[in-house]
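Visitor: Below is a structure I'd like to ask you about.
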Amino acid sequence: MSNKEVKAILKNARDAIRNKDYKEVLKQCKAVLKLEKNNYNAWVFIGLAASELEQPDQAQAAYRKAVEIEPDQLLAWQGLGNLYEKVNQKDFKEDLPNVYQKLLELYRSSDKQKWYEICKKLSDLYQQEKNYVPAAHTWHQLIKMKEDESIKSNELYPLWKRMTELLSEDVEKLDNETQELLLNAFESAIPCIEEIPSEEHQMLYQHYITCLSKLPLEEAKLKKVCENMITVYPSLIYPLKVLALHYIKSGDITEEAICCYSKLLELDPLNGPGLIGMGIKALHDRNYVLASENLSKGLKDVNCCPSAWCCLAQAQLKIHKYAEALVSCDQAINGATQDNSAPQSVVQKDAAFRLKAEALVEGNSSNNAEEALKALEQISNADNNPEICAIKGQAYLKKGCIDVASKISEELRLSHEHLAEGHFLEGLLQYIQKNYSAAEISLQYALERKPENAVYHYYLGLNYWFMSKETRRDKTKAVTQFLKAAKMDPFMSRAFYYLGHYYSEVAGDKSRARGCYKKAFELDDSDGEAGAAAVDLSMELGDMDVALAILTSVTERADAGTAKWAWLRRGLFYLRVGQHSKSVSDLHAALRADPKDSNCWECLGEAYLSRGGYTTALKSFMKASELNPDSIYSVYKIASIKQILGTYKEAVNEYQQILMKSGEYVPALKGLGECHLMLAKSALSDFLDLKAVDAIEKAIEFLARAIRLRPDLLCLWKLLGDACTCIYAVTHSSVKVNVLGILLGNDEEQQLLNKPEVLALGGRCYGRALRIQSTANLWCDLGINYYYQSQHLMGYDSLTNDASELLEKSQQCIKKAVMVESGNHQFWNALGVVSCSKGMGNNALAQHAFIKSIHCEQNNVAAWTNLGALYLMNGNIELSHQAFKVAQSLDPLYVRCWIGQALIAETVGSHETMDLFRHTTELSMHVEGAKGYAHWVCTTLQDKNNRNTALYRYNIVQMNAITAAHLALSKYTERIQNDRTAFEMLGYLNEHLNLKKQASESYRRVVSILQEREDKESSNSALQHYGRSLCAVGQYQEAIQTFSSTPLTEFDDLTGIALAFFKKGLLQESMKAYKQALSVAKSDQEKAHILTALAIIEYNRGEFDTAKTLLFKCSVLKEPSIESLQSLCALGLAKRDVTLATAALNELLKHVKIKDNIYERCLITSAIYVLQGRNEAAQRQACRDIHSHPGNPELWAFLSRLVPQHVPRDAKGGAVAGTVAYTLNINHSKKALLYAAVNELSAGALLADDRKKNALNTLQRAAHFFPDNPAVWASLMAACEAENTASYLNKKSNKKTDLSLTFLASVKSKTEGMKAVPASYTQTLRSWSLCQAICALKDQGRISEAEALCTKSIQNCPDQTPFFLLLRQIQCKQLQSQAQISEPVLEELKKTVLSNFTSHNAWHWLAEVYQSLGMMMDAEMCYRKSLQLASQQGNWNGKLSSLLRLALLALKVCMAKIPDSRWPGLLQEATSEVLKMTFCPLAVLLQGILQFSTKGSRKTRQLLEKVVYQSGCSDTIAFVARWYLLRHLHGKNDDQLVEVLLDNAKAHGDTRIIDLHKQLTESS
């Protein structure tokens, strides 16, 4: 095809491009390429079209093809460049710079403007890719092209500026040529700026300087540029700062550098480089403090400057700030490491490591040696530097490696003999090894070479300080060296510290010593020894302000857990000045520093003690004692604090520990005496007199031991007098005190003293104390002691001369006390008491003394009370009442004023008397209050007509008066043992509380007191009470003897001895005494009682008719007694005479009020119903009475007892009744808990059903409360057996298998001690328990043990048929396990069962034997026999059990598919009878299973669902019902009901049904 045709097609392509029809373009170009494969334009057009159609790869290929065809043609390269710019593709971007380079080459000669554009694009592209060097070179080509065009300098400036910007990143990493290019750009740009000075010019200059500062080889140019900029901008900080840093790094300290630093600080006083520079200058000028200060401030601004950090470390070393120097060295090392490229970095690191090593070596911590050695290892060429070797030797020496240090020292001295450091190291070695003479020589050699070295002088002085005895006495040499060291190095704190030692210990100049210590501490505030010495001397010199200032300055700067010495001393200072809270705070801070310092804990304890924090003080001293067990002081303080807190027994133990450790320690002996004295006073306040006497005896013993060691101590004699005097309250017969002979002036070890002798000893002790020092308190104590002595004498004799003399002495002593200290109200009060006492009778003086006491102290309850008592003694009731009233207002808890008001109320006959006396007993125990309250309680109790009044219920019942009065009287009689009326009242109250033995003892004391007084009339009355109480406790012979001691003429005497004869079994003598009493009886009531007693005697003699006649005689009296009618009812019941019992009950009901004798009436009525066979009526009667009297616990207990015996089906209600009885009255709990447990056992309340309410738990409580009741142990045995059976049925582990024999032994031991119970009861209980134990052993498989126990029981009780039955059961079980039971054996078993004709369970057992042999008819006969027997006995449970067993027997036969229609009928009949008695799920289940076996589908589902969905059904019965119901529903394919059943099973946790359903589903 011709060239024209190609051109035509290309023309069409161009038209298509103009029309933007790029597909057409491709079509036309392809047509061209078919004609001409290497057509340049066609490939370019294809590239363009593909680019527009977003086909970049095709476009690139087309352009590349065009470039290959004609590489120097622009069109294709332009297209390729446009494509790469347009499309953001990685390979395109990478190739774009090459395209730009080609375009630059093509445009260079053709189009300058296009060249500039492409050059800018290429530079920008390099900059975007962070290729700054190529970008700069490209940009430099553009600048050259512009320069060739001779453009103006202001037009060139932006170009050069951009050039500097491109190369300013990572200047130090640029090659030399590029660096030169950068510097040339700066130098070319700066002249191009027209306006100078200007901000633009300044910024460019700064940029230039910044770049130069990064080029170490351009330091000269940097210095020149900075100087030029300073010339142009003299007030600008930046060039000065850079120039200063240049001087600092180069170590330049010339005038020029210092001038720079000064100018910089003039412009900015806080400028970092300026401060650093001046700091370096100060360091060279040896102004180390200023250098350290300036360098520290400067480095806060310029952190990364290794040379400055080295200078700072050097300055800090010079002023001995080792910790700060270590930080500075580390900073220098880090900075030099970061600037590793710098030529001086190695030198700086070596210097920093050396300084660090020196700081570690010279520091106080011995743990720094290893770190110092590591630092020295980092120094380059260290082994060739002798000075560094010397430092290494010191480090080894500090580490304790003396051999290594010695080797280094020797090498240094051999190789560098002129070196002072080697000799110094040798001197240190000798000094540490205490070779002081050798050390002196070496140190002097070192000083010869370096005489201005303060450290050498210090160690030489230290060597002299510890050298020989001569130098120890004469410290002149040492102090000379310390003075030189201090002069050469005024920052060496240890030199000043030892100068302080010299002035303090040798020169005796404490003021100058304090100055030296203070200077040492100021130089090194970590030197606690210097600070502590400065503070201690300041306090010693009385300069507390200076001491406090030092301590405060330390504590304010101290971190937590540091500066213990300062906190401790400041804490002690505050403790001394009474600022206890601050003291506690500071001592806590001291303990944070050292928690194991026992002294600190003791100081803290003292601080707490000073501010009244006894508990915290106690803890502190206990901690101190724990840390230092040998400290006597800590234990003593613990004991004394416990004594203060009132825990005297614990304090006694602590004091005893002190005595065990240190022997006879007087403070501990005194403390023991005080504690025992306080224990005695506490016991006296509680009326525990014998305990008080023991405590007083111990107090006297310990105080006497203390006096033996220190007889000069007044406090010991005073305490001993107090101990002897406080025994005044104890009765004479109770006081028998052993006293050391030293107190009595003889050589005997101990001597027994009675009460008057002990009181007299107390008086002598007060006299001895007065001889040591005469004080008012001692005179008063002596007077009180004399008063108590006189009162004791008057208590046993009438007023004697001795008593009068003692009273007179008492008054004179107290008057002496008043004269010495007339403002003491207690002395006036004591004077008043003595003056108005019996034997003195000076009431006027007493009144005056009491009033004076009140004037001395207005809030004086004792004086007001005594004044009231004085007025009451004189019969002035109104004034007495007013005085007591004031006393009550002053202290409402003061019991004596309340007693006074009670006595006034009693005198005037007020109804508040009893309330007042009761209030006194509630406040505290006092003899007057106790006896007064007991008197009013007994008086109220004796009035039997007021028992139903509200006043009685409040005063006696609600206020628990009998118990309160009994307790008060018990304490009263413990102290006052000769008051027969008190003992009479106590006996009366004991009888009310049913404390029979205690009542007997009280009446015996009354008899003994009256016999001593020979009061016949009162003695006869007391003998009556005593005889009655003896009879009550079962001492009948003693009671007969007691009554025989009376004239036996009064009614009470005769009835008392008659009762004693009856209880003794002497019926004839009893009848005789009762008949004699009948002759003296005055009222019909008394006669009725005697006739009733005679009837009881006749009944015991077997004369029933005579007894009945006597009781009938009682009933015809005008006022028949209730007791006689009750006895007549009981006689009718005993003889099973319903008519007699009913008639007597009707007569009884006529004479008994509704609220009286509720329990007895209910008991008799219910017994009659039971006798008539009306058991439910008996239950209803008990329920009716409970409904009428719900608060009567006896009725609830009776109902609980009645239910299991006569209506066992209501056992759950019986259990509730027993629980209520127990809750209402604890006195009935002994029986009520047992009744409740028996009911629970009868109701089947097991542990598995309820963990709280079950028979086992209830019986365990009963056994815990009443272990003496054998019935409880027998019932507990039954409960355990029931639990074992339930565990066996539920396939659970059994934990109570081996307890039956233990319980049996308990029953036997408890019944042996029961005398008041009929023998028949104990025999029955034992037999029942034996049977239960034998059954338990049999069930557990312990057959041989069961057989042996049964055989033994038969031998002991051959008439007990149950044992024979049990033996046959055991033998039968053995036979069944071995062979078939023969016919003769069955006959023998039947005979045994017939011998137990009252036991339906025996027939049950025989039926089971027949069943095991397949003899179903015989088994049926046995069940019918048991059913008949249970029906005859009215045994509801037995009847129910027999019917269910009969039904189960019938079901077994039916399930065996035996063709006999009688058995299904028998099952239906038996279960129907059961359901007539009660709703029984088991009976319904048996009917349902029968229907299931006979395929009665509808009836089966109804019956089984009735059991499954019935609430309250047992788990076992419900499971069996679900099992059969699931099989039935599955057979009927009733999926809906099956799902309902499965949900029910899941709700009740019946997993077995779920498993059965799976098996049935899989099998179908």
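Yeah, the Cβs are placed from backbone N, Cα and C, and that goes for glycine too.
Quick paste of what Swiss-Prot says about this protein:
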- 6-39: repeat 'TPR 1' (REPEAT)
- 40-73: repeat 'TPR 2' (REPEAT)
- 75-110: repeat 'TPR 3' (REPEAT)
- 237-271: repeat 'TPR 5' (REPEAT)
- 420-453: repeat 'TPR 7' (REPEAT)
- 456-492: repeat 'TPR 8' (REPEAT)
- 598-631: repeat 'TPR 11' (REPEAT)
- 743-776: repeat 'TPR 14' (REPEAT)
- 861-894: repeat 'TPR 15' (REPEAT)
- 980-1013: repeat 'TPR 16' (REPEAT)
- 1051-1084: repeat 'TPR 18' (REPEAT)
- 1400-1433: repeat 'TPR 19' (REPEAT)
Visitor: For the repeat 'TPR 14' (743-776), would you mind checking the mean pLDDT of the predicted model?
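Guide: When the pLDDT values over the repeat 'TPR 14' (743-776) are averaged, the result is 90.
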Visitor: Near the repeat 'TPR 2' (40-73), which residues from the same chain, at least 6 beyond its ends, have a CB less than 8 A from one of its CBs?
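Guide: Sequence-distant neighbours of the repeat 'TPR 2' (40-73): 10, 13-14, 17, 20, 22-23, 25-26, 28-30, 32-33, 79-80, 82-83, 86-87, 89, 92, 106.
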Visitor: Are there residues at least six beyond either end of the repeat 'TPR 7' (420-453) with Cβ under 8 Å to its Cβ atoms? List them, or say none.
Guide: 386-387, 390-391, 393-394, 397, 402, 405-406, 408-410, 412-413, 459-460, 462-464, 466-468, 488
Visitor: Counting each residue once, how many in the repeat 'TPR 15' (861-894) are helix, strand and coil under DSSP?
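Guide: Per DSSP, the residues of the repeat 'TPR 15' (861-894) fall into 27 helix, 0 strand, 7 coil.
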Visitor: Sort out the residues at least 6 away from either end of the repeat 'TPR 11' (598-631), same chain, that have Cβ-Cβ distances under 8 Å to it, and list them.
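Guide: Distal contacts: 564, 568, 571-572, 574-575, 578, 580-581, 583-584, 587-588, 590-591, 637-638, 641-642, 644-645, 661.
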Visitor: With DSSP helix as H/G/I and strand as E/B, how many residues of the repeat 'TPR 19' (1400-1433) fall in helix, strand and coil?
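Guide: The counts are 31 helix, 0 strand, 3 coil.
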Visitor: In the repeat 'TPR 7' (420-453), how many residues does DSSP assign to helix, to strand and to coil?
Guide: 27 helix, 0 strand, 7 coil
Visitor: Which residue counts does DSSP yield for the repeat 'TPR 14' (743-776) in the helix, strand and coil classes, in that order?
Guide: 20 helix, 4 strand, 10 coil
